[in-house]
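Quick look at what TrEMBL annotates:
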type: COMPBIAS; residues: 1-17; note: compositional bias 'Polar residues'
type: COMPBIAS; residues: 95-105; note: compositional bias 'Low complexity'
type: DOMAIN; residues: 320-358; note: domain 'Zinc finger Sec23/Sec24-type'
type: DOMAIN; residues: 397-631; note: domain 'Sec23/Sec24 trunk'
type: DOMAIN; residues: 683-766; note: domain 'Sec23/Sec24 beta-sandwich'
type: DOMAIN; residues: 779-921; note: domain 'Sec23/Sec24 helical'
type: DOMAIN; residues: 941-1014; note: domain 'Gelsolin-like'
type: REGION; residues: 1-175; note: region 'Disordered'
type: REGION; residues: 192-218; note: region 'Disordered'
Amino acid sequence: MSQQGYVATPPYSQSQPGIGLSAPHYGHYGDPSHAASLPGVMKPPGPLGAAAPGAMLPPLPPGPQQFGQNGAHASSAPGPPPHRFAGPAPVGNVASAYQPSAQPSYPSPMSTPPVVQLGGQLGAMQLDSHGPGAGPTGPAAFQGPPLPAAPSILQPGPRVLPPPPTALNGPGAPPLAAGAAFPPQAAGYGPQMGAPASYPGGLPAGPARMAGPQPPKQLDPDAVPSPIQVIESDRAARGGQVYATNTRGQVPPLVTTDCVIQDQGHASPRYIRCTTYCFPSSSDLAKQAQVPLAAVLQPFATPPADETPLYLVNHGENGPVRCNRCKAYMCPFMQFIEGGRRYQCGFCNCVNDVPTFYFQHLDHLGRRLDHYEKPELSLGSYEYVATLDYCRKNKPPNPPAFIFMINVSYSNIKSGLVKLICEELKTLLEQLPREEQEETSAVRVGFITYHTVLHFFNVKSNLAQPQMMVVTDVGEVFVPLLDGLLVSYQESQSVIHNLLDQIPGMFADSSESEAVFAPVVQAGMEALKAADCPGKLFIFHSSLPTAEAPGKLKNRDDKRLLNTDKEKVLFQPQTSVYESLAKDCVAHGCSVTLFLFPSQYVDVASLGLVPLLTGGTLYKYSNFQSTAHTRRPRVSMFKARPPSGRVVVLGCQHGSQTASDLMHVDSQQFLHDLRGDIEKKIGFDAIMRVRTSTGFRATDFFGGVFMNNTTDVEMAALDCDKAVTVEFKHDDRLSEDSGALIQCAVLYTTVGGQRRLRIHNLGLSCSSQLADLYKSCETDALVNFFAKSAFKAVLHQPVKVIREILVNQTAHMLACYRKNCASPSAASQDAVIGTVQLASSAALLANGRMTRNLKRREDLPKEEDTQLSSLLLILPDSMKILPVYMNSLLKSCVLLGRPDTPTDERAFQRQLVMTMGVADSQLFFYPQLLPIHTLDVKSTALPAAIRCSESRLSEGGVFLLANGLNMFLWLGVSSPPELIQGIFNVPSLAHVNTDMTQLPEVGSPHSQQLRMLMGIVQRKRPYSMKLTIVKQREQPEAAFRQLLVEDRGLHGGSSYVDFLCCVHKEICQLLS
Ligand SMILES: [Zn+2]
C-alpha cells in the first residue's frame, strides 16, 4: 500500500519488528542463556532459607514515619515541568479543572499497609509443594480455601508460629471487605474441586529449603496490598473530577476511575496509557530497572458523552502541516520562532519554514495569536482531513462495504443458527454506521453463503427476486458478479429482506456437513477489491474446514503436548495459508470479523489469525449445538467455560432439551455482540505511525497488527476497542528538559468514505533518578504490556520459560527499586516513604532476638533495624499491586495449560488479550467481584467491590463476578430466600435453574437492581459477557473459582500471598 506523503523515511535506523517474535527485548524471551539463571532454581538458599528456628514474632507496627508520607506518587509527581514550550493554557472552564498538585495524594495513605510480617512465608508457598523435597500432598489437603492453607499440606519454612491475625493488622491495615470471610471449613468442596495444586513446570522453587515438617504458617491476606484498596482510593481521590491533560509526565487516574478528561495539550489516557510517565534518561538506567517503557495506544477509543469529541482540522488542498525531516504533524510540541515564520520540530529539532497559508504572528510569550483557535496547536488529540496524497492511487476512497458470509452447512441450518442470523440482519441493517452529519449510511452490503461451494447473491434494487450464483471452484475463487453484489441497503431493502427470508429454506435440504474457510475470505476480499473499496467481512462459521480447498485443516489438537517444548505448536497456525491470506486482506483494506460456533475443535489458532491480523474481532460461542448428533453422533457436547475452560459435559441432564433450546443458550450473547460489532466506531484501510522525539524509538508492536516495514503498522481496520501496545527503547540519552514526546498518527478511511488522519500527542518526563521512574509507573499498563509480550512469545517459547521470565522480571524491577530507591542504609526514615513493607520475620529470627517483645520498630537498635530493613519487601507505591496481577497472568490458561482446557479456548483467549486496551486487560486479569446481598435497593450506586478470593465470600451471600468475557452469579448455600425469590421468583435455592443465561424479569426491586447493575458492569465492554449461575459446591463452581485470582489455582498456580513470598525470595537473592 503506498500512501504518498505519509510514509516517511525515518531519520534514524529502525530495528525490524514483525508479526513474529522480535529480537529478544528486555525480557529476553528466546534467550537460551536465560534458563541458566532461572529465579530460584539451582541457587543457594537465600537469607530466608537460612533462617534460624524461632518462635512467633510479635507484631511489628510501623513507625509513624511510614504513614502519611506515601503520597509521593502524586505529590511529588512531576508538577509543571520545565517545559521547553509553554504548555497550552487551560481551555474552557478551568475553575473546575483538576490540579494534580492541589489534590490529595494518590493513592491515599489509607491504601498503604504498614510494615507487616511474612510470617512463615516460605511455609505457605504452596507453589513449592510439587518439588522433590515437598511433604505429603493430596487432594484432601486442598478442600479448604487456599488461604489459610490446611495444616496437612503446609510445608516447612521459617520456623515461625502464625501470629494471630490481628497481630498482622497493623494500624494501617485495610478493614475487612464487605461480605466477610466465612470459616475455611465451611467450604467443603468435593474431590472434583480439589485437584492437587501442583504448578506444572511452574514457578521456580527451592525444594531443598522446604524440607522438614513444620507447623502451618499464615500470612493475613489483609496485610498484603489490596487491588480493591488501590482502586477505591484512586476513585475517592480523583473520581468524578475533571482531569486536565496540561502537564507533561503527569500520571493519569486509574482506568477504573471515572472522571471527565479535558484535553489541554496531551492525549487523553483513553487514547494512550504508558507503563511509566517518566522515562529514565539513559539506556543504562533503563536496563538497570528493567521496567518496560511502553505505551498502549487505543486511537479510536470512545470518549464518554460528556467529553468533547475530536476536532476536525481542514487545511483544504494544503493538507496537514508537517515537519520536513521527520514528517511529524503540527502539534503542541512545535516551537514557533522568528516572529512566527519558522518552527522547530519537537521530535527531530529540525527548523522548518511555516507555510505561507499557515503564518501567524506571535504574542509576547512567543505563542501564536491563534494558539487557542487551532486544535493542532493546543490539543493533544485531533483529526485532519487528508488530501488526495494520502489516498490510494491519489483518488478519494469509496465508502466501505460489509459482506455477510453465512455457513449454511447442515448443522447450522438444523440448529436454527442460519435463521437466527437472517432474522437479526433484517433489523441490524437499519443500524449501519454513518457519518454524524449524514442521515443514511454510505456503507454498502452484500451476502454470500457457503459450505463446500460458495453462493453469491445479486440483490440489485431493480430485481423482483434475488439471484444466486454458485462458484464451485473453491481452489481459485472468482467473483461471478460485480453489479448487484454490493448494494445500498436503503435502495435494495425489499430484495434483501426477500433474500434473508429465503436463505434458511433454500438450504433446508442440504446434507453438506463440511465447509471451506480460506476460499470464503478470499471471495470476500476479491469482491471488495473488485468494488475498489475497503470493508469488513462478517463470517459466521462453525466447523474445522476439512473440505478439499486451500486452507484445509486437520484436527491436530493434542493434549499430550501440554507442558512440553512442543506446546507452542498449538498456538501456531497449522498452515501458512491463513497468514498470507490475512496479508492480502490488509493490502486491500479487507477486515475480517469471525463469529465461530464450534461444537468441537476448529483450530482457532489457524482460523483466528485472519481476524487478528486484519483488525477484525473473533467471537466464539460454544453452545450453538445442532441436531446433527442424530445423524453423526458425537460423544458429548461441550460447554466450554472460559477462561478456566472447564468442560462440562451436557448430555444427560440436558437430554430433554431440543436443539433450538440449546442454541438459544448463547443466542442473546451472540446477537448482542453482532449488533455491537456492526455499530461500533471503526476506521478502515488504516496505517499507524508512532513518532518519538530524539533519544528513543518504538521497537516493538504488540496487537493485531501487520507490518510490511519497520515503522508502519498496517491494519485493514481499527475499531474503538482495539489497542496496540508499543515498546520503546533508547538509542541515545534523553534530555530532562525536553522530555520524551510521542505522536501517534493513524491514516484511515471513515465509514462515510473520507480519508482522515487522527493524531494523538503525549509528552512524558525524563529523569536520571530511578525513583522518578518508579513513582510514575502505571501497573495496569504494565500488566497489559507483560500479557501481550508473553502471549506473543508463546508462539516460540515453552510457556514454562515464559512464566519464569515473568517472575524473574517482576523480581528484578522490584529489587532494583529496593536497591536504589529504598536502600536500607538510608534507614527507615526515607526508605519507606510511599512503600509497602513486608518484613521477613525469619530474618529477625535469624538474628537471635526472636523472643523479645517488640512493640515498635523504633525500639530496635540501629544495627538490627538495618538488618530488618535489608529483608523488608519494599514495593514502590505505584507497583504495589503488580504482584497480584502478575500472578493472575501467570495462572491464565494461556500460560498454564491444563488437560481440561480446550486448546481452542487457550488460542481464543490469547488472541483476545493481544488486542486489549488497558481497561479490558485490567478487568480480565483482576475480575470485578460484587456482593449482591448487600445491595441497597433504594440506591443506584454499585456496591463496593471485594477482593477476588474465596475467603471473601460468605455462605449467606450472593456475588457477581465479571472479567469481561464471563459473568458469574454465585449463590451461597445459605443465600437469603427472599433474595432468591426476588431475583429468580422461586421459593428457594434448590429451585433455581442454573441453565439460564439471562436473569428472568421478575419485577421485584432486587431483580431490577441486579439487572441494572449487570448492565453497568457490561457497559463499555467489547464482548457481551456470558452469564452463568453457580450454586456453591456444585460443579460449575470450578469455573467461577478459577477467577478468584488471589487464591491458589484449582489446577496449579500459586495464591497471591504465596507468589508474593516467592517474589520476595527472588528479590532477596538478587540483592544478595
Ligand atoms: Zn521533525
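Even glycines carry a Cβ here, placed using N, Cα and C.
Of the candidate ranges 320-358, 397-631, 941-1014, 397-631 contributes the most Cβ pairs within a distance under 8 Å of the domain 'Sec23/Sec24 beta-sandwich' (683-766). In terms of DSSP helix, strand and coil, the domain 'Sec23/Sec24 beta-sandwich' (683-766) has 0 helix, 56 strand, 28 coil. DSSP states for the domain 'Gelsolin-like' (941-1014), grouped as helix (H, G, I), strand (E, B) and coil, give 24 helix, 12 strand, 38 coil. Within the domain 'Zinc finger Sec23/Sec24-type' (320-358), the DSSP-based counts of helix, strand and coil residues read 6 helix, 11 strand, 22 coil.
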